[in-house]
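Student: Annotations for this protein, taken from Swiss-Prot, read as follows:
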- MET50, GLY198: substrate binding site (BINDING)
- ARG125, THR171: ATP binding site (BINDING)
Amino acid sequence: MQPDLHCRTLAAHTLKHFRALSPLTHCMTNDVVQTFTANTLLALGASPAMVIDPAEARPFAAIANALLVNVGTLTASRADAMRAAVESAYDAKTPWTLDPVAVGALEFRRRFCLDLLSLRPAAIRGNASEILALAGMALGGRGVDTTEAALAALPAAQALARQIDCIVVVTGEIDYVTNGQRTLSIPGGDPLMTRIVGTGCALSAVVAASCALPGAALDNVASACCWMKLAGQAAAERSEGPGSFIPAFLDALYHLDVEAANATN
């Protein structure tokens, strides 16, 4: 099953709807990327909320437009809060997204993520090694993102998408987005995106927010990947290194005009 190239015209249309809706996105993410994730969502036009206490996470997940669960700095108490939020989201039919950070290397988070899959995520976003591990096809590894690695993990992503009935994103130099039947590829970005902490985690938050939009979930999630790739390219052109890249990236998201980018490429 060969992937199709995602259409930037559709990404431009989806971004207009995203900014109009400004989805309230409940981010249960890791401690390292809280601020960057919130700023990424704000720059694109979404409304982030970082609610983590179990007593608050359960009711808040029911009123949010979308939920992100990122296990990067997972603890036992945080796992309890995340499960409570996911159960609430499931009952309320709030779409939720799983980011299974380092799931192949650590047993506690692997078991936790596998257990959560029964509560039907709308989307899963990970690098090649994470998707392979979650699909039960490989364990361990650092999860280095390369075009070859992401493409090699695509069959696992497609199988996982069919098994869970969700969208699976494998990120790398080229991102692959699949529902198990149809697969889209999103090239672009810049190597500087891998030289700062949080671009993948922030993408997961944008993917989660995009799942709140009406229409085809596959196209909405692929559009989210496209926005981040385009912003990364634009920011790299204005940056001298990782330190200047971060503010340039947020500015690029804020000023993102997919139609203009489409016309110049």
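Cβ from N, Cα, C; glycine included.
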Student: Could you measure between MET50 (substrate binding site) and ARG125 (ATP binding site) for me? Cα positions, answer in whole angstrom.
Tutor: 19
Student: Just going by other Cβ atoms within 10 Å, which of the binding-site residues MET50, ARG125, THR171 has the emptiest spot?
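Tutor: Least crowded of the binding-site residues MET50, ARG125, THR171, by Cβ count within 10 Å, is MET50.
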Student: For GLY198 (substrate binding site), what residues in its own chain, 6 or more apart in sequence, show a Cβ-Cβ distance under 8 Å?
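Tutor: When sequence neighbours closer than 6 are ignored, GLY198 (substrate binding site) has VAL32, VAL33, PHE36, THR37 within Cβ distance under 8 Å.
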Student: By the DSSP assignment reduced to helix, strand and coil, which category contains THR171 (ATP binding site)?
Tutor: strand
